[in-house]
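Just below is one structure, and these are the notes that go with it.
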Amino acid sequence: MKILVAMSGGVDSTVTAYKLKNLGHEVIGCYMKLHGKPNYHEENIKKVEKVANFLQIPYHILDLQEDFKNKVYMPFVDTYKEGKTPNPCALCNRFIKLGKLLEFAKNLGCEKLATGHYARLENNLIKTAVDESKDQSYFLASADKEALKYLIFPLGEMKKEDVKKFASTIEVLKSFATQKESSEICFVEDTYVQVLDQFMDTKIPGEVLDSSGKVVGKHEGYMHYTIGKRRGFEVRGTHEPHFVLKINPKQNQIIVGTKEELKISEFNLKNINLFIDAKELDCEVKIRYRSKSTPCKVEIYEDKSAKITLKDPVYGLASGQMAVFYNHDKVIASGFIE
């Protein structure tokens, strides 16, 4: 089978390419240039070239910087401007890795696209990885349903430690087993505020309000805060911990309250991405990558919006983040929180 492998220069994509080549497939590597971080690509391309030479496979360098800027980077900035919390990895998977890269794979005549994600596929549904600590099904849940039939995730049945051990047994790949893992958001060096600083003044002080609308303190600029944050702002007249409940970007205000006030039992989604045919779902939902799943009921409307009712309340639901719905270990839907 002719397979395009997304190669980043990391251990996961390297072992993915190695495994597929060893199974006798016709493997082609592809490195994506997504952003202009200095020296970032040069180092990674050297690693990809080293692996490609070792495996004796051709590789391509695909410049997707413009697409990435329009579909991932600027939406990241704009979402924070709106006082919401973005999910750039979900957008990147949908539009870039499982969008533009898949399109490139088809143009090369490849039957499949393989990535180093920790996830599995079963009956055209994304399934959680064997290694639960590294499972990436949450981020892949934004994928277009039609893309799934072209995908392969060779590491889905492996534990991360076994992937590293496997790489360390092969002389040429030993260095890949010990290299530092990449950060979750590839274009953020230290903090997301450093990215926002390039586009706006993030340090304009504003008012802190309680849930009744009373001014109780000051903050250092609304973009420094996300829902649930409990530090970095002033609250006068109380010793009880306070958390960010809401952000008003136009007024440069943050509304804070007690942990009890963070509780939410219902929320809405826009543009639900369904992997099964349904008008209602009785399932479990994850409201952020590292959160535990919570039982819920989902009502889906004609305009693809949805209302979610949780069995147990959750704390700190952030608008802009992705909610991912599971039936046991399979992803059945996803959508962005209103």
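Note that Cβ sites are derived from N, Cα and C of the backbone, with glycine treated the same way.
Listed in Swiss-Prot for this protein:
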type: ACT_SITE; residues: CYS92; note: active site, nucleophile
type: ACT_SITE; residues: CYS186; note: active site, cysteine persulfide intermediate
type: BINDING; residues: ALA6, MET7, SER8, GLY9, GLY10, VAL11, ASP12, SER13, MET32, GLY116; note: ATP binding site
type: DISULFID; residues: CYS92-CYS186; note: disulfide bond
type: SITE; residues: HIS117; note: site 'Interaction with tRNA'
type: SITE; residues: GLN321; note: site 'Interaction with tRNA'
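All features noted in Swiss-Prot, drawn onto the structure.
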residue: ALA6; record: ATP binding site; Cβ neighbours (10 Å): 25
residue: SER8; record: ATP binding site; Cβ neighbours (10 Å): 19
residue: GLY10; record: ATP binding site; Cβ neighbours (10 Å): 18
residue: ASP12; record: ATP binding site; Cβ neighbours (10 Å): 26
residue: MET32; record: ATP binding site; Cβ neighbours (10 Å): 24
residue: CYS92; record: active site, nucleophile; Cβ neighbours (10 Å): 26
residue: HIS117; record: site 'Interaction with tRNA'; Cβ neighbours (10 Å): 27
residue: CYS186; record: active site, cysteine persulfide intermediate; Cβ neighbours (10 Å): 16
residue: GLN321; record: site 'Interaction with tRNA'; Cβ neighbours (10 Å): 23
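For the recorded site, SER8 (ATP binding site), the DSSP three-state label reads coil.
According to its DSSP assignment, the residue listed as 'active site, nucleophile' is helical.
Across the structure, ALA6 (ATP binding site) and the residue listed as 'active site, nucleophile' are spaced 13 Å apart at their Cα atoms. The DSSP secondary structure for MET32 (ATP binding site) is strand.
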